[in-house]
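Report on the following structure.
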Amino acid sequence: MSNEIEAIKDPGLPAHIHRKADHDPVAAKRAERQVAILFGISSVGTVLLIASFFIPEDIFIFVPVMGSQNAHQLGLGLGMAISLFFIGMGAIHWAKTLMPDQEVIAYRHELRSEDVDRKEFVVAVKDGVEASGIGRRSLIKRSLGAALGLSALSPILLLRDLGPLPGNDLKETSWKAGTYLVTDPGDRRIRASDLEVGAVAQVLPESDDPEHRKLNDIAKDAVLLIRLRPEEFNLDAERLSWTHEGIIAFSKICSHMGCAVALYEQQTKHLLCPCHQSTFDVTRAAKVIFGPAARPLPQLNISVDGEGFLIARTPFSEPVGPSFWGRISS
Amino acid sequence: MTTEQRIGQVANYVDERTGAAAWMKKNLQKVFPDHWSFLLGEVALYSFVILLLSGTYLTFWFDPSAREVIYEGSYAPLEGVQMSAAYASTLHISFEVRGGLLMRQIHHWAALIFMASIVAHLMRVFFTGAFRKPREGNWIIGIGLLTLGIVEGFLGYSLPDDLLSGTGIRIAEAIIQAIPVVGSYLSYFAFGGAFPGEAFIPRIYIVHVLLLPGAFLALITAHLMMVWYQKHTQFPGPGRTEKNVVGYPLMPVYMAKAGGFFFIVFGVTAFISAVASINPIWLYGPYTPGQVTAGSQPDWYMGWLDGLVRMAPPLETYFFGYTISWNILIPGLIVPGILFTGMALYPFIESWITGDKREHHLLDRPRNAPNRTALGAMSITFMLVALINGGNDLIATNFDLSINQIMWGTRIGIIVLPPLAFIITKRLCLSLQRADRELVLHGRETGRLLRLPHGEFVEVHEPISPEKAYLLTSHEQAPALALPDVDGRGVKRSGALRNKLRSRMSVAHSEAVPKVSADDLKEIEHH
């Protein structure tokens, strides 16, 4: 359809070139030996695998390039690799040297059925539909549709107990007014003087049962304490009052996707989340200065009790962690 | 008893009960065309078998439970540490089960090879046009397998419950939670409550070892049956037409080659697993939401997604007290959704553009479909830029760059580079067509210089073989669709805008350097 001009003619399949093994019995015998050798190497590999299984696990050997290697692991792996790889090599060498290598031609048949069959199929479907009467009996059609639709509700209902509804769970943490900040790990209360200027510490709310903290709680409660010189802050009066002698506390759970914001750069006073590189400026209440996070890390309002131990003055003023649909609504 | 009699006895037993002899006779001689690129799909299939074998082995010891235990195994650095049973049992497989570490590494490497070979196979199918009628359905099954593979791989490396994989789950949870209206509900249903909870590991375990492998088996079976039934495509060349298949018979050549190739893939996977450590979970420690490893990286087939998330602008919308996190939704759901839907629909889009509804069994050489090849190069460029940004922290550390530069580089690059790749690739394809034309018309450059009597130097060209000339000219060059704005009676046709778009794209798609015809050659001979 495209070219009225004459195309270059198909010269047909090129003439077959015979291999040496096809007509030379010596070459064929050689190929046979090669295949047998390849299969033989495979068996050696299996022996190596079996032997390695019994090598004690604390023996290390030096392998050039790779350095010190566990002999047991390396032997098992190499044994298995050799035993499998050379079965494959043998089989393919066999196919390439000794099995027929003359290309053969098979013909394709159009996938489309004969016209008669296609017509008869349409008639059969039409007859079937008519015989069932689904077209005429609309009462059956509609009630069946309703029944099927309703029955599809049952799996949804039965899956309801996969989990509880979130309720206010995502908006609350264990931090209450007066909760002591304790070290993680260690669970010791902290005085302002425990933290030098420039230092950073991970803290958790004091718990009755510090041995068995739930991961679910840590996922919301983890807090970072950072101590700067008070004059280094660039905060409004309210946020400044949430700090104590240069100690500022932020939720450690990233406001982007909930990773632990674990990297603190002392020089620049930036907090960096290693997952997606959202960067927060500690001096400006963890304002986002780079990366995909849209919100600052929530700041925890802290103070000290009568004995000088750090406490939370109020709970977090906003939900911690990644955003969700109803995050700000009451 | 002769061999024939012995085979006959067995065959008789089976055939009298199944009537399979006629079908078997025909199919044992089924012809498969030979080309290295046809092995890519085979690698995927064999890695899947390796995954089933090694995965089953791992289930004998793995304990998919978030139950807290105190570690008492032989890995001293974690002695007495509180961890989940899932993590502890993974340590047990790695350190106490002989061959367990090897099997873990084989399982993980095979998963990476599985995904890599699927992607390579997809590219082969795309760039050669193998997805065209009648194989559109199989293309869609393939996209389904790729998608499932990404999910299955992610669930798999999440199971050991180490610090790195827990961080991955946390990110997945944040994506679920970001879905407007129902996000937090879906997350609470998936996790059985708040993140991380104790329900998630056992739940993803059953999805990873039963539900998805079942879906894989069903889809792979359908995929292969379609290949079998529709017969394999073949590259163009002398003697190869739309009506035939040139290659080797299943028995014995293909059985030996394909069977042997399975062992080679398994052997190579075992070798890599013997010498290259992967996912050393004992170094990461057990998961706890308050900690993270620096340089957190997903496996490579998730890397592009992570890269997109990293480069997203910090956008959130608040209205009536509700939050929409565009910074998560766009890179995490919307862009991947568009990419995968577009990919699945591509055979139909191309056939709409070209108006070509015929069957195609001869493959295209990529240069002869410049538009498609350029589109493929454009998509790969997009993915690569995203993937590079997914490793921006590692690139920054290793090449002493600032992460901000890489991030801005990829943010701009992901918009600028793909169209650039399109233009360059299309020009390259057309240049290659021009080179083909030159070759057919004037023959091969021999490198021999000839000095003519009057002093001029010319290079001697040698005519190419008729086989080669045929290969370089056998492709079809279809003209663009003619879609007039008005119909026969001068009335404007409906859908004018759609028609305009279609004819524009059709013109772009049919752009080509005219191939050499027999007449051109004759004319040259007269000179």
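Every residue gets a Cβ built from N, Cα and C, even glycine.
TrEMBL lists B:10-236 with the feature domain 'Cytochrome b/b6 N-terminal region profile'.
Residues annotated as transmembrane segment in TrEMBL: B:43-62 (among others).
What TrEMBL lists as transmembrane segment is B:108-127 (among others).
Taken from TrEMBL, the feature transmembrane segment covers B:139-159 (among others).
The transmembrane segment annotation in TrEMBL covers B:171-191 (among others).
Remote same-chain partners of the transmembrane segment (B:203-229), defined as residues 6 or more beyond its termini with a Cβ less than 8 Å from a stretch Cβ, comprise 27, 30, 45, 48, 52, 55, 59, 64, 135, 137-138, 141-142, 144-145, 148, 151-152, 155-156, 158-159, 190, 192. Summarising the annotation, TrEMBL assigns transmembrane segment to B:203-229 (among others).
Residues annotated as transmembrane segment in TrEMBL: B:261-282 (among others). Here the transmembrane segment (B:261-282) has long-range neighbours at 39, 42-43, 46-47, 49-50, 75, 77-78, 87, 90-91, 94-95, 102, 104-106, 108-110, 112-113, 157, 160, 162, 164-165, meaning same-chain residues at least 6 beyond its ends whose C-beta is under 8 angstroms from one of its own.
Sequence annotations record features per position, and here TrEMBL assigns transmembrane segment to B:328-349 (among others).
Look at TrEMBL and you will find B:369-388 (among others) tagged as transmembrane segment. Same-chain residues lying 6 or more positions outside the transmembrane segment (B:369-388) and placing a CB less than 8 Å from one of its CB atoms are 123, 126-127, 129, 300, 303-305, 307-308, 311, 339, 343, 350, 395, 406, 410, 413-414, 417-426, 429-430, 433, 508-509, 511-512.
Positions annotated as transmembrane segment by TrEMBL: B:408-425 (among others).
Taken from TrEMBL, the feature region 'Disordered' applies to B:508-527.
Sequence-remote contacts of a segment are chain residues at least 6 beyond its ends whose Cβ falls under 8 Å from one of its Cβ atoms, and for the compositional bias 'Basic and acidic residues' (B:517-527) they are 440-442, 469, 473. The compositional bias 'Basic and acidic residues' annotation in TrEMBL covers B:517-527.
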Q) For the transmembrane segment (B:328-349), which stretch among B:108-127, B:139-159, B:171-191, B:408-425 has the most Cβ pairs under 8 A? A) B:171-191
(Q) With Cβ-Cβ distances below 8 Å as the criterion, list the same-chain residues six or more beyond the ends of the transmembrane segment (B:408-425) that contact it, or say none. (A) 307, 311, 313, 370, 373-382, 385-386, 388-389, 392
